[in-house]
Amino acid sequence: METIDFEQIRLPKHVAIIMDGNGRWAQLRGKHRTFGHKAGAEAVRRAVTFARQKGIQSLTLFAFSSENWKRPQQEVSVLMDLFFTVLKREVKKLHKHNVRLRIIGDKQAFSDKLQQRIAEAEALTAANTALTLNIAANYGGRWDIAHAAKQLAEAVQAGKLSVEDISEDKLADKLCLAEQPAPDLLIRTGGEHRVSNFLLWQLAYAEFYFADVLWPDFDEHAFARAIADFSCRERRFGLTSAQVQQAILDTDVTTGE
Ligand code: IPE
Ligand code: IPE
Ligand code: MG
């Protein structure tokens with residue numbers, strides 16, 4: 001029988017979050033949308049601390065989508081400045097807490113200064129092991145898949161890969177997050193029930209959790225509720241419920257738990 005890692009059922013190894021609702025949070029307070037983005041940065045810090053303390057291996061946060069460039073120029077520029085400042089301010093603390101930082105997305109669109117800061121932050125934290133924090137910036141799920149396909153095409157063109165050998169695994173190897181476990185749990189705050197071009201391939205078997213709370217209000221309790229909800233889900237990966245239950249019994253027998 002197909003082996004399933006039932007440890008995953010209890011605590012997610014990898015949590016992905018669509019951090020939505022910053023603009024509405026600010027507007028509810030009569031403030032400009034950018035005020036919400038600043039408050040959102042604080043919520044990021046809380047979420048990272050929670051994930052690290054709970055022993056989650058990977059946390060992937062959607063910070064800026066490929067489509068967010070279409071927002072008013074002023075909002076885009078505040079978001080870029082904020083990204084730059086937060087990176088500068090937080091990277092030493094992340095390093096101190098043994099967090100590995102990765103930025104996923106099409107980084108070429110960023111200013112040279114920002115790209116350099118990203119490269120330095122990734123290099124400094126590369127060997128850290130407590131938590132991998134992936135920040136998705138100028139990220140799109142369709143871009144990720146197209147980018148992977150392009151790399152395979154280049155390998156074929158160079159004579160290093162034959163078309164017959166192209167498989168799901170080969171394509172998956174070229175995607176962002178390839179070396180990390182697939183996200184088990186996707187959380188979206190802000191009340192919308194959509195994926196907005198986030199990790200389209202990687203979320204194939206993730207559990208989805210939608211919360212009405214706006215991102216700046218997402219705290220430890222809200223995160224804990226999402227994890228608790230996840231731990232009660234039965235993940236079937238295409239099997240029947242009876243097969244899954246049998247596999248749990250078999251696992252318990254072999255591990256003696
Ligand atoms: C999410 O909050 C942050 C980004 C997309 C950068 P929004 O800015 O989308 O906030 P709402 O959804 O308009 O409230
Ligand atoms: C998704 O939020 C992107 C991020 C959270 C970075 P959006 O606010 O851009 O998504 P839509 O437009 O409501 O689908
Ligand atoms: Mg939004």
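Heads up, the Cβ atoms here are built off N, Cα and C, so glycines get one too.
Just so it is clear, the model here is predicted, and its values are computed rather than measured.
Record features, source TrEMBL:
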- D20, E207: Mg(2+) binding site (BINDING)
- D20: active site (ACT_SITE)
- 21-25, R33, H37, 65-67, W69, R71, R188, 194-196: substrate binding site (BINDING)
- N68: active site, proton acceptor (ACT_SITE)
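Shown on the structure are the features that TrEMBL records.
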{"residue": "D20", "record": "Mg(2+) binding site", "Cβ within 10 Å": "22"}
{"residue": "G21", "record": "substrate binding site", "Cβ within 10 Å": "25"}
{"residue": "G23", "record": "substrate binding site", "Cβ within 10 Å": "20"}
{"residue": "W25", "record": "substrate binding site", "Cβ within 10 Å": "24"}
{"residue": "H37", "record": "substrate binding site", "Cβ within 10 Å": "24"}
{"residue": "S66", "record": "substrate binding site", "Cβ within 10 Å": "19"}
{"residue": "N68", "record": "active site, proton acceptor", "Cβ within 10 Å": "17"}
{"residue": "R188", "record": "substrate binding site", "Cβ within 10 Å": "23"}
{"residue": "V195", "record": "substrate binding site", "Cβ within 10 Å": "16"}
{"residue": "E207", "record": "Mg(2+) binding site", "Cβ within 10 Å": "21"}
In sequence order, those recorded positions of G23, S66, N68, W69 whose CB lies under 6 Å from ligand 1: G23, N68
Neighbourhood of ligand 3 - recorded positions from D20, W25, S66, N68 with Cβ under 6 Å: D20
N68 (active site, proton acceptor) versus W25 (substrate binding site) - Cα distance in angstrom: 18
Rounded Cα-Cα span from D20 (Mg(2+) binding site) to S66 (substrate binding site), Å: 15
Listed binding-site residues with Cβ under 6 Å from ligand 2, out of G21, G23, H37, S66, W69, R188: none
Secondary structure at V195 (substrate binding site), reduced by DSSP to three states: coil
Residue pair G21 (substrate binding site), E207 (Mg(2+) binding site) - Cα distance, angstrom, rounded: 21
Long-range Cβ environment of W69 (substrate binding site), under 8 Å and at least 6 residues apart: V76, A109, N138
Spatial separation of E207 (Mg(2+) binding site) from H37 (substrate binding site) - C-alpha basis, Å: 26
Euclidean distance between Cα atoms of R188 (substrate binding site) and D20 (Mg(2+) binding site), Å: 7
